Amino acid sequence: MSVTIDAQLAQSFGLTGEEYDKLVTIMGRTPSFTELGIFSVMWSEHCSYKSSRIHLKTLPTKAPWVIHGPGENAGVVDIGEGLAAVFKMESHNHPSFIEPYQGAATGVGGILRDVFTMGARPVANLNALRFGDPKHAGTRRIVDGVVRGVGGYGNCVGVPTVGGEVNFHKAYDGNPLVNAMTVGVAKQDKIFLSAAAGVGNPVVYVGSKTGRDGIHGATMSSAEFDEEAASKRPTVQVGDPFIEKLLIEACLELMATDAIVAIQDMGAAGLTSSAVEMAGKGGVGIELNLDAVPQREPNMSAYEMMLSESQERMLMVLKPERTEVARAIFAKWELDFAVIGELTDTGRITIRHKGEVEADIPLAPLADEAPVYNRPTVPLKAPARIETPADPEGIEKALLTLVGCPDLASRAWVWNQYDGSVGGNTARRPGAADAAVVRVEGTRLGLALTTDCTPRYCQADPKTGGAQAVAEAWRNITATGATPLAVTDNLNFGNPERPEIMAQFADAIKGMGDACRALDFPVVSGNVSLYNETRSPSGEAQAILPTPAIGALGVLADASKSIGLAMPDAHDLVLVGGIRGELGQSLWLREICQREDGAPPVVDLAVERRNGDFVRSQIGAGAVAACHDIADGGLLVTVAEMVMASGVGCTLEAAPTDVAAHAFWFGEDQGCYVIATSDGAALVAAAEKANVLAMRLGRSGGTDLELPGTVRVSAERLREINAAFFPRFMGEGA
């Protein structure tokens, strides 16, 4: 290929001038076109974590129940009975803006592979979706494509989609977020890792053929968007969930033998990343013969094959004597199987194609010795706490506005496009509890699963917002009765080269770390997505809200004893936790007063821990019939959601006089729960003994939510208003 290799070409590949000079020094010569491509993807933000790595190292990652933390394809935790949960969350933001259906679908496919490559059968998918303002011209198209893509892939591959989030804000108009999470279950003694070993062992390619889709997808995901984003459609991968299903079954069948030495999926940067990471982790070299790579298109170059991000592909190192056993399994499942290389003792990656050496690079500079930056930050000014605004329209009208607003409206339109029950092990479906609950087949165990983040809090105060995201995930797991075990994160931010954005990232990590340590909630896997910005024709950069999405997992000894939102008739409602009436950054402030200001609610991690441990103990003692944590919309929205979930009404008592009524009912105070119990007095007494604030709120019964003299609205009316937004926004039958 007669192309001049220089700093200008390297810059078009996403490398800086300094990085190009560094790679020339490493190579001792000008790189080939293929070598330049390999460096550009491995040193991209998406693959190298060069701006985030120093901050990520501060997060707590260890606990007695953690089997494998960050560094593998997914995190692994002990759930008892010799079993492990394997889970991770990952973004597909940039592709989902360019091509919403395929971007979202292949995001699901990629995270599934991260989990089953470790020997786990996937048992659940979740997703955290952030879209632009519903009034923005492009939002409806992106919502439609993303939701269909998530459902289309997950449904076909036979893994239930059991939970997640959907939020709207104008900051995502040009840059939606699609964060996908998969959870699998494996035997603890059957976990497969990615470190290659055994000089001379064969390197095997399995799955789909390689095409030209997705080339430079990793570098695209490491840059801002502009008005020409649509021209990048060729960098979006195209997925086939039916092939993925075959690949899952073939890999799990092979894993039941003793053939596999190491295994890695081909994700970002495709064959390049999988080969470099496997050999690098194992401290060996690797030689590839691209003539043997199964190709979907004719005349593919070495550069194209190494950088293609075609989906449904895996790379394995096998024991030589078991190669034919493996070949037979993949032939049975009608998948490609090719020996494309072997491990060496050189510490280098050598790539041959049509008799020529196309690349010969030392491995260390591509992986562990990739550039790492301690980017500059600026101090962020914490917003002042706001004075409680006057109530402009009354409690009942505000309640109806809130339950119908885009961020609180029923997500049934979304969930109904997902198969949430395939496999028959979903114990708590979306909307039925604060976290989804999935039974672990062959046991009584249950996994509680959630995703959480409140980006408007993070925008106002990234440290508090980071802590709150972790605390809310812990609280949602707790509300089901499960013991919270661990976290996977998906850190979505703007351009790290802007000091104010890097400060948001660093502060959010500090808050997350504080919360994880206080709650014994280690981070075992995750993903960083930077450069989530759109540049307008005038050159102005619009960053997303800082969005450190948290995926969390907990375990129940008995899935059948999980707790949901639906409250029975004739039960006391008890508030656990103290209400200050925190209206800063609340949905009430935004939807009723059209303001987005003030400090987010205080996150007191000691109180969070004490209250949550108390709630879990009461659930374990059989004293709790329903439980829901206070989050978006505040206390009255929490109660309304319990009314809508059950169809049972309730009568509430007046708010305490030391807090304005609207602040009491709509403040988004943290560390609080509403519990339905048969004996409210006993639960309040137990709380006092545990040094936990608690008070009786009222009693369930009838079909209306009633606050005497202030609110009287039927469960049916609440449901009607709550259900209206999505069908109206998307169009009936959309």
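Heads up, the Cβ atoms here are built off N, Cα and C, so glycines get one too.
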Query: Which of Ser421, Ser525, Ser529, Ser536 shares the substrate site with Ser91, His92, Asn93, His94, Arg113, Gln237, Glu309, Ser310, Gln311 per Swiss-Prot?
result: Ser529
- line: Among Asp21, Asp489, Asp507, Asp558, Swiss-Prot assigns to the ATP site of Tyr49, Lys88, Gly526 just Asp489
Task: Compare the C-alpha of Asp265 (Mg(2+) 2 binding site) with the C-alpha of each of the recorded positions His46, Tyr49, Asn93, Arg113, Asn527, and give the closest one.
output: Arg113
- prompt: Of all the binding-site residues given, namely Tyr49, Asp114, Asp489, Gly526, Asn527, which is spatially nearest to Ser91 (substrate binding site) at the Cα level?
  reply: Asn527
- prompt: Counting Cβ atoms within 10 Å across all protein chains shown, which of the binding-site residues Glu90, Asp114, Asp265, Glu309 comes out on top?
  reply: Glu309
Least buried by Cβ count (within 10 Å) of the active-site residues His46, His92: His46
Message: Return the count of C-beta atoms lying within 10 angstroms of the C-beta of Asn93 (substrate binding site), excluding that atom itself.
response: 25
- line: Rounding to whole Å, the Cα atoms of Glu309 (substrate binding site) and Tyr49 (ATP binding site) are apart by 19
